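Copied over from Swiss-Prot:
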TOPO_DOM  1-14  topological domain 'Intravirion'
TOPO_DOM  36-470  topological domain 'Virion surface'
CARBOHYD  Asn46  N-linked glycosylation site
CARBOHYD  Asn54  N-linked glycosylation site
CARBOHYD  Asn84  N-linked glycosylation site
REGION    89-470  region 'Head of neuraminidase'
BINDING   Arg116, Arg150, Glu275, Glu276, Arg291, Arg368  substrate binding site
CARBOHYD  Asn144  N-linked glycosylation site
BINDING   Asp292, Gly296, Asp322  Ca(2+) binding site
CARBOHYD  Asn293  N-linked glycosylation site
CARBOHYD  Asn398  N-linked glycosylation site
Amino acid sequence: MNPNQKIITIGSISLGLVVFNVLLHVVSIIVTVLILGKGENNGICNGTVVREYNETVRIERVTQWHNTNVVEYVPYWNGGTYMNNTEAICDVKGFAPFSNDNGIRIGSRGHVFVIREPFVSCSPIECRAFFLTQGSLLNDKHSNGTVKDRSPFRTLMSVEVGQSPNVYQARFEAVAWSATACHDGKKWMTVGVTGPDSKAVAVIHYGGVPTDVVNSWVGDILRTQESSCTCIQGDCYWVMTDGPANRQAQYRIYKANQGRIIGQTDVSFNGGHIEECSCYPNDGKVECVCRDNWTGTNRPVLVISPDLSYRVGYLCAGIPSDTPRGEDAQFTGSCTSPIGNQGYGVKGFGFRQGTDVWMGRTISRTSRSGFEILRIKNGWTQTSKEQVKRQVVVDNLNWSGYSGSFTLPVELSGKDCLVPCFWVEMIRGKPEEKTIWTSSSSIVMCGVDYEVADWSWHDGAILPFDIDKM
């Protein structure tokens, strides 16, 4: 064969292979259309898988078209039943890590919100981390000046517990610079406070829809808990403050059903100061450990009954748990009166364990750094100084901040008692560090039947960020 004949032969074979390949594709398409055309779905094959998760049914509808699969998630809530939440708090020996969001570390290169006041609350099927955003992202120019507490850009949003407060997984809850949220077993209720200092309004959402409002009645920065509210047998309770932060203010307990207020009562507490209460259900009542921003370095205690009757006083323990505070040895404790003259304060929490109390506090007496939780024998009912357990969560070389309480409902934990849990905010940036922003991450701990070793689950972000160097 001469060279020209070889070229012609190779070309003919190649052309034949191409034609054969095209014919195979045509036949494949014809056969596919004929087979799918015999079905009742006009070429679309649908399959439905239903999985039940407690009170929720999640439907996955799978649609196949040739080589493409589309999975469409169709959420469906069957209404569920109200959580009971009348059980007692479980007696625990220590607290184990539940989650750590690492929000600021991730935010150095990820789309993470600038936040403060994070907290956790649980439904029968999940726990969610709530937080107040500043309407801006970390490492962005809009993060400048976010040390400010109240602005029209602040919103309450949430993610599944353990996730960073990122743009892609966060769910909008309310416009708010102060907030609380809780689940009654059927739907989430949120309370978001927003507006001007003199005429702030709290908007109540139930199932994502605005259902009621509370207007400022004093005209001096209406505010609420910055942690989980409490639902018992379908009714949800929370505490609000209106008035000065450094002298006598006014305090109210609210009760709602399906997002609509069905009761309220004023708390008479002359000489005492209540704000930013950390509340939880226990033995059919709501127990709250709050912040005295006026004088006391001991914490106010508010116990609420379903009929809105209440008992108010101070955490009896002879060891102070607010910051700033004096030396433990010089503190006497009181069940009825504020002790100390430090003023200011920080949001904190405590859990009653019979007559004992678990109480969290910063390790530093003067600044928001370090965090520990102490068990004081008979500290709920007496001015006891007997510390029977201590666990370090954040060492004193690292920043902490607010802390608060929540519980795991029996529907979620499978126990016959309510598991006590708490979160610790770890504030970074202004005013302590050289940045243009203020934000925080958080560690979450839950009670267990075993002692847990001391460690420091601190924030660990390396500052300043790029935006701070511009």
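Quick reminder: no glycine exception, Cβ is built from N, Cα and C everywhere.
Locations of recorded Swiss-Prot features on the structure.
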| residue | record | Cβ within 10 Å |
| --- | --- | --- |
| Asn84 | N-linked glycosylation site | 17 |
| Arg116 | substrate binding site | 23 |
| Arg150 | substrate binding site | 17 |
| Glu276 | substrate binding site | 26 |
| Arg291 | substrate binding site | 26 |
| Asp292 | Ca(2+) binding site | 25 |
| Asn293 | N-linked glycosylation site | 22 |
| Gly296 | Ca(2+) binding site | 26 |
| Asp322 | Ca(2+) binding site | 27 |
| Arg368 | substrate binding site | 19 |
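Shown in sequence order, Arg223, Thr241, Ala245, Ala249, Tyr251, Cys290, Arg291, Asn293 are the residues of the chain, 6+ apart in sequence, with a C-beta less than 8 angstroms from the C-beta of Glu275 (substrate binding site). Neighbours of Asp292 (Ca(2+) binding site) among the recorded positions Asn84, Glu276, Arg368, Asn398, defined as a Cα within 10 Å of its Cα, are Glu276. Across the structure, Arg116 (substrate binding site) and Asp322 (Ca(2+) binding site) place their CA atoms 19 angstrom apart. Checked against Asp322 (Ca(2+) binding site), the recorded positions Asn84, Arg150, Glu276, Asn398 differ in C-alpha distance, with Glu276 being the nearest.
Note: the CA-CA distance between Asn144 (N-linked glycosylation site) and Arg150 (substrate binding site) rounds to 14 Å.
Between Asn84 (N-linked glycosylation site) and Glu276 (substrate binding site), the C-alpha separation comes to 25 Å. Computed over the region 'Head of neuraminidase' (89-470), the whole-number mean pLDDT of the model equals 97.
Apart from the site residues Asp292, Gly296, Asp322, the chain places the Cβ of His273, Arg291, Asn293, Trp294, Thr295, Thr297, Asn298, Arg299, Pro300, Tyr314, Pro320, Pro338, Ile339, Gly340, Gln342, Gly345 no farther than 8 Å from the centroid of the site's Cβ atoms, the recorded Ca(2+) location.
Across the residues annotated as binding substrate (Arg116, Arg150, Glu275, Glu276, Arg291, Arg368), the two Cα atoms farthest apart lie 21 Å from each other. A strand conformation is recorded for Arg116 (substrate binding site) in the three-state DSSP classification. Sequence-distant contacts of Asn398 (N-linked glycosylation site), defined as residues of its own chain at least six apart whose C-beta falls under 8 angstroms from its C-beta, comprise Ser369, Gly370, Met426, Ser456, His458, Asp459, Gly460. The Cβ neighbour count for Asn144 (N-linked glycosylation site), using a 10 Å radius and every protein chain shown, is 15.
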